[in-house]
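Below is one structure, written out as structure tokens; the observations come after it.
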Amino acid sequence: MTDYKATLNLPQTGFPMKAGLSQREPARLKEWQQKQLYQKIREAFAGRPKFILHDGPPYANGDIHIGHAVNKILKDMIVKSRTLAGFDAPYVPGWDCHGLPIELMVEKKVGKAGHKVDAGTFRKKCREYASKQVAGQKSDFMRLGVLGDWDNPYLTMDFTFEANIIRSLGKIVDNGHLQQGFKPVHWCLDCGSALAEAEVEYEDKISPAIDVAFPVVDVADFVARSGIEASAPALVIWTTTPWTLPANRAVAVHPELDYVLLSGELSGVARELLVAEALADDLVTRWGLENVTRSAAVAGSKLEMLALQHPFLEAQVPVVFGEHVTTDAGTGLVHTAPGHGVDDFMVGKQYDLDPISPVLDNGLFREDLPVVGGLHVSKANEPVIEALKDSGNLVKLAKIEHSYPHCWRHKTPLIFRATAQWFVSMDQAGLLPRARQEIDKVQWLPEWGKARIEGMLTDRPDWCISRQRTWGVPIALFVNKETSELHPQTPALIEQVAQRVEKAGVDAWFDLDPAELLGDEADQYSKVTDTLDVWFDSGVTHYCVLDQREQLRAPADLYLEGSDQHRGWFQSSLLTSLAIRDAAPYSTVLTHGFTVDEHGRKMSKSVGNVIAPQEVWNDLGADILRLWVCATDYRGEMSVSKDILKQMGDSYRRIRNTSRFLLSNLSGFEPATDALQPEQMLALDRYIVDRALQVQAEIQDLYDGYHFHQVYQKLHNFCALDLGGFYLDIIKDRQYTTQADSVARRSCQTALYHIAQALVRWMAPVLSFTAEEIYENLPGERLDSVFLAEWYDGLFALADNADMGRAFWDKVQDAKQAVNKAIEGARAAKLIKGSLSAEVVLFVDAEQNALLQRLGDELRFVTITSAAVLKPLAEAPAELEDTSVAGLKVQVLASDHAKCARCWHHQPDVGSHAEHPELCGRCITNVEGDGEVRHYA
């Protein structure tokens, strides 16, 4: 038996079937770095229209997690797809480097600033720690295949950046948005300082729970407002912090709640007590109120500014409205001490109530106070309760175990205490109304993002930007000791400070002798030692990064972060940008969801469902992680697990194997000399290129709209259905058996080349490592990297009136699927071994006959059978079942003819040639003659 293998055009490629991503990807990263790929992209696209995606800075602490990976991969896909679209799309990554978590890590190593080490040394250690964290995270982000200016990232702790933060504060001062005021903060009596939220732990605590009556001062006013007859009504509050009652300045009701007056006897004493109607039954029982009558309801909205008597002090307090008032517990009325609670403080600001906190830094009440003067907070509950008993205003005393804020260091209960702070005012210079206006100009994706940030800005309180921390950018201001006014030369002073910080970092401020800048005035001014909220640091990146770097600009085209950033970075960026430039810092804001496991549960070490990106790239490769990010609809929760990633691996193999088939069949093809013009190509080849053009247009639109999961679907379906399920199977015979330089084969190779060029670009933003590997295996001239390319422009369309256009081939595909199903049935019934051992008879109506007869003898190459015959539908045997195609029935017969040793078709002329008794006539023509001629398939 002669071996005809050498006469076939068998596929050849250096592109391996086994991806080996976890081994190959690091080498590819090294290559990109050595060739300075990012800089080459910048040079190649210089002068093109800009697209600026501004990177929200992750915090420089700890290893990156799966959420970080999602965020960076999404950004990378956008930047790469924008580059393909012809934009100059620089990507400058950044890190948030100041703040409490870093302080806590450094404290564990060197002790607290001002105790075991001086503040300057502590800041130096913080800077060193943050630098190490940045280095580790940077390495991990690069490992994901993210291209960016990794050699020049922005760090909020860089001296120049710190200086520009101070300059941005100066602009906010210039524009009239900064004010000094009081705000309640968590205060640790043991630390003697304010605590940030991250330093607060919640533990169970037993506290006194008291119901307290606030008698109405003007009964006639109450009766007139409520329509309720009463002689000595009182409004009742419930509190677990009796010690705060000396600072009470109001009682809050909800304007939309209804209230009733309960008249009855309590321990033999007649009482008239106003409470929320929804809680009345519970309170009657809890208090043991007897002989109760209940009034008609009165709306809370009618009680505003009703005067009440303080329950044990010589003072009157008003009724105010509070949206925070609920009927979840208590009485539906809330004791309001603006100096001791955030909600109370907000209400107090609306009503201009004094946010007094009579508690000193050391936890002692001021000496001049009645009842509690000179006492420590921890000792004040009992005398307050006794005073309430004496005045007859204690309705009920009980104990309650509840969750209460504690100091994370000392494990002791905290108090809320109003202290002097610095604020960005929402209304002083109209910042909040401007924010609402500007929101309408921004595109929010998904659309619900707009409603979310609008809701968060509704009645937003002033932004407290001051922190009593060591590791942060200073609020570099001088305040007059007598008037509390800022120095009149503040703008010039801020610039002088910024210039010093640019050279020496924030220590330049903390070490500064005010006389160096103020001269003889130094004694009249205090140097502010507070630091800025880290949300201010990251919030002004539009000024410190976009405005300062030549290749960037503000506003950015896109901000992209997790859905929690409507409260965080999106908002701090918007407010600071409006305060500085009176415009939003972004044109579009895109939000992604959080990662959960396959059951929708949050990632948790205790549950054991954490997927670490480091494990994924070490095991499966970063491209698998990237494919998962692309395939998942990121606008909701993103499910990930080992099983899900394994499924992604299967999808990846489909795309890789399809690409490998294309490359292996381009062996020996030189585009410059071998490619055919569209009019020279076979009909099927022209169709598949037209189909690729159609898919490319869809994919480009999907990338432009950030619909990445649909990009994945289009990419996967084109590989699996258009190519794998139709075109590639059909062309194998022509590709392998026709003469190497025949029109039939070169037509096919031309189509494969165009498809490969397009396909590699479609996948490049997603499967970045794999795309580069494919690209370097393409024949012909290439750029230095696929990431220097733009969308492929070599695809072409079929004319709308083409003889064998889209509609024709779509119907042929339907018929082929019907044939495939019939062949599978025959194979299952062991009638045939494979499709080439079969002959099919297609019983067709007039419409199907007109369609399929146009392929002539080449119909068998489409059905991939040894023969394909058309007969009238009326002649179909009765036992033949209908197919999925109207007017088509399929009969599968085992071929009686001998099998050609070269093409494996069963043909009647096998054996008719004496020199090649094992070949069919077609193969003899291809081996020794002029070669067969194909027209369609």
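Every residue, even glycine, has its Cβ placed from backbone N, Cα and C.
These come from Swiss-Prot:
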- 58-68: motif ''HIGH' region' (MOTIF)
- Glu561: L-isoleucyl-5'-AMP binding site (BINDING)
- 602-606: motif ''KMSKS' region' (MOTIF)
- Lys605: ATP binding site (BINDING)
- Cys900, Cys903, Cys920, Cys923: Zn(2+) binding site (BINDING)
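Known features from Swiss-Prot, placed on the structure.
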| residue | record | Cβ within 10 Å |
| --- | --- | --- |
| Glu561 | L-isoleucyl-5'-AMP binding site | 21 |
| Lys605 | ATP binding site | 7 |
| Cys900 | Zn(2+) binding site | 25 |
| Cys903 | Zn(2+) binding site | 22 |
| Cys920 | Zn(2+) binding site | 28 |
| Cys923 | Zn(2+) binding site | 28 |
Exercise. Within 8 Å of the Cβ centroid of the Zn(2+) site residues Cys900, Cys903, Cys920, Cys923, which other residues of the same chain have their Cβ?
Worked result: Thr737, Ala901, Arg902, Trp904, His905, Gln907, Val910, Leu919, Gly921, Arg922, Ile924
For this session: Could you tell me what the rest of the chain brings near the motif ''KMSKS' region' (602-606), counting residues at least six beyond its ends with Cβ under 8 Å?
Result: 65-66, 594-596
Exercise. Whole-number Å distance between the CA of Cys903 (Zn(2+) binding site) and the CA of Glu561 (L-isoleucyl-5'-AMP binding site)?
Worked result: 56
For this session: Round to the nearest Å and give the CA-to-CA distance linking Cys920 (Zn(2+) binding site) with Lys605 (ATP binding site).
Result: 66
Problem set entry | Integer Å distance between the CA atoms belonging to Lys605 (ATP binding site) and Cys900 (Zn(2+) binding site) | 62
Seminar exercise, completed: The correct three-state DSSP answer for Glu561 (L-isoleucyl-5'-AMP binding site) is strand
Exercise. Could you tell me the C-alpha distance between Lys605 (ATP binding site) and Glu561 (L-isoleucyl-5'-AMP binding site) in angstrom, no decimals?
Worked result: 24
